[in-house]
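One structure below.
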Amino acid sequence: MRTAYCGQLNLSHVGLEVTLCGWINKYRNFGGLIFIDLRDREGCIQVCFDVYQNKEVCISAAKLKQEFCIQLIGMVRARPKNQINSNISTGAVEVVAKKFSILNISDPLPLDISKNNIEENRLKYRYLDLRRSIMFDRIKTRSRIMSIVHRFMELEGFLNIETPMLTKVTPEGSRDYIVPSRLHAGKNYALPQSPQIFKQLLMVSGFDRYYQITKCFRDEDLRADRQPEFTQIDIETSFMTTQKIRELMEIFIRIIWREILNVELGVFSQFTYSEVMQRFGSDAPDLRNPIEMFDVSYLFNSTQNRLSFIRANNIGVQAIAMKVPNGRQLTQKQIDEYIYYSKQCGLKELLWVKVQFSDNDITKKEIQGSVTNFIDNLTLDIILNKTNIKSNDILFVGFNDNKNQFITKMLSALRLKLGNDLCLIKKDSWAPLWIIDFPMFKKNCHGEYTSMHHMFTSPKNCDVQMLKKDPLLVISEAYDMVINGCEIGSGSARIHSFDMQQAVFNILGITQNDQKKKFGYFMDALKYGAPPHAGLAFGLDRIAMLLTGSKNIREVIAFPKTTASVDIMANAPD
């Protein structure tokens, strides 16, 4: 039905007859001349109906309206120089219509696809929202990413293997979506939260390099970067060290950024989990933000330096200094607003100081700020030297008297807010990093052990006896890839020993009966020569969100759910 896409026509097509199919984006009737912008997935082309060249076609064109779907045959010609539209890729040419047919008419649209619309209408009429050029670009970018994935994985010897969508209910960390069985009354399947167990079983089978692009399902509270169903680039290997996997995945991500954005990513920094939590207060820090934290708790954990706002019987005070480059510009009103904000995040107290050095001499300085009311000069000098503060900076010192709460997490929100408010973050740059050496376990609010990553993650340089002795001291062989504050990939070496996996299940409080009932087939597989294996999963939605500059993964999913897990277009669930 067509010989070319509208958005691909250029000067090389001048003089050629083309057949186009698409939707009328704009319609302009000047009597003897009618112009339409015809739109398809590749863009728009101006079409001219000239009464002096084809009177019958021009008269028929008067019936056309916006969003009619038509087929059109015409001749490509160059536009006069004074009529070239440099704002669009086809702006140097137009098509003179010879004939057309209306494939379908259109009612007036319930939303204006040339503008931004309210979120509810966009989701209700998603099939129309997707007609917007920006949405076409986002979905096409997503498709290009998937093509790169397949090409790279095949070149590296990975096999594309599908795993089941109907599987067993297992305690993987989030709630399952349950599918009742019609044939087996009273029994249920679960939609997979990830292909974790099955890809490990593939390693046991001998498929040493596996990948797939697959849907995963988690019934959890949603955020801007989460959906109840999401797409994962799932990868698993045998006989490969975690260092080698990270190197290979770095190459993979570099290729995606190069081909999609023509950007060469810089060095992938590497931090331990402990380092990023201490320095940035987050396990997914945005390294474009220059604000860094410094632990100065040791200066205040003595009776001599006890602060009036800290409980008298508390010697476990946490104190974190946070240097803000170019923060001297902040007014007292702004500072007060940040203090209020930090306390809303749970902080006990936030002090501040500005320092003006005379003639760049650090020994001659003028100090201004609330710290002078609480901190002596000697202690303050130690803090200033530790943070290497400059004249244009402001220094915040946050305090908390509850050692069971992480003060850096509280300050992380303030760090992010300051970075955005003061325009300290270079929005056009990329800051990739790896985070390694996560704790194997943590305790929840009930004092129970839970996995930091998942229950199949291998401990690092640790045997079963060491694991049992003090689980909270054990480091895992886990790693995350983070770019610009967004975790795009997470992986680990897996447990391939029956005894180690059983020990982990025991620590997590999974009874022997539940181990057999829920994981019996998997535990049996570990007895039959399971190889050392490791892997990683990337969030396709998050990668597409980053590469398109979108603020929400809904923008890169064709038919997403709302934050309440509702499809308001199809009215699901019902």
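Glycine residues also receive a Cβ, built from the backbone N, Cα and C atoms like all the rest.
As stated in Swiss-Prot, the feature region 'Aspartate' covers range 196-199 out of the listed 108-111, 196-199, 312-315, 540-543.
Checking the candidates Q212, Q227 against Swiss-Prot: the one annotated together with R218, D219, E220, E487, G539, L540, D541, R542 at the ATP site is Q227.
The most densely surrounded of the binding-site residues E220, E487 is E487 (count of other Cβ atoms within 10 A of its Cβ).
With R218, D219, E220, Q227, E487, G539, L540, D541, R542 listed as the residues that bind ATP, the site has a largest C-alpha separation of 20 Å.
Cβ neighbour density within 10 Å is lowest for R218 among the binding-site residues R218, R494. The secondary structure of R542 (ATP binding site), as reduced to three states from DSSP, is helical. Comparing CA positions across the binding-site residues R218, H453, R494, the one lying closest to R542 (ATP binding site) turns out to be R218. For the pair R218 (L-aspartate binding site) and E487 (ATP binding site), the Cα-Cα distance reads 17 Å. Counting only the Cα atoms, the space from R494 (L-aspartate binding site) to E220 (ATP binding site) is about 25 angstrom.
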